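Colleague: Reproduced below are the annotations present in Swiss-Prot:
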- HIS20: active site, proton donor (ACT_SITE)
- ASP28, HIS96, TYR118, ALA119, ASN120: substrate binding site (BINDING)
Amino acid sequence: MKKSGILNRHLAGAIAELGHGDTVLVCDAGMPIPPGPRVIDLAFRAGTPSFAEVLDGLLDELVVEGATAAEEIRDANPDAAALLDVHFPWLEAVPHDELKARTAAARLVVRTGEARPYANVLLRCGVFF
């Protein structure tokens, strides 16, 4: 049994399969998920696990070279916007409809229990060297 890091076997396995340039959407409980991407649904109850908890856990294990969020996050969810600013000062902001469209090409979607709007970020995987 693993003793640290991401313990969810499905999520840990999906992370191990990611390569350079693959995209991962970390999303709130309300984000529409199109058919296509592999989905790991971690939502348990409204707010659990939170967007911040899941994002922090993923960032401990992923190399990220790009991140995209909906521009609407700034007004609708300042706490989540501030979290993304800390992790990704170079964050790309696009209209929410464009973020939803890009989700169709994601390799992986990790759905959280987050119940605040626009708590979504599309991560582009980098390489560790």
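Yeah, the Cβs are placed from backbone N, Cα and C, and that goes for glycine too.
Since we're looking at a predicted model, the values are computed, not measured.
Neighbours and distances for these, please.
Modeller: HIS20 (active site, proton donor): 11 other CB atoms within 10 A of its CB, across all protein chains.
According to DSSP, ASN120 (substrate binding site) sits in a coil region rather than a helix or strand.
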Colleague: Can you list, in sequence order, the residues of the same chain other than ASP28, HIS96, TYR118, ALA119, ASN120 whose CB lies within 8 Å of the CB centroid of the substrate site?
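Modeller: Those within range, site residues removed, are CYS27, GLY30, MET31, ALA69, ALA70, GLU72, ILE73, ASN77, ALA80, LEU99, GLU114, PRO117.
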Colleague: Substrate site residues ASP28, HIS96, TYR118, ALA119, ASN120: biggest Cα-Cα distance, Å?
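Modeller: 13 Å is the greatest Cα spacing among the residues binding substrate.
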Colleague: Give me the count of other Cβ atoms within 10 A of the Cβ belonging to HIS96 (substrate binding site).
Modeller: 17
Colleague: With Cβ-Cβ distance below 8 Å and at least 6 positions apart along the chain, what are the contacts of TYR118 (substrate binding site)? List them in sequence order.
Modeller: ASP28, ALA69, ALA70, GLU72, ILE73, ALA76, ASN77, ALA80, HIS96
Colleague: Name the residues of the same chain, 6+ apart in sequence, whose Cβ is under 8 Å from the Cβ of ALA119 (substrate binding site)?
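Modeller: Non-local contacts for ALA119 (substrate binding site): CYS27, ASP28, PHE51, ILE73, ASN77, ALA80, THR112.
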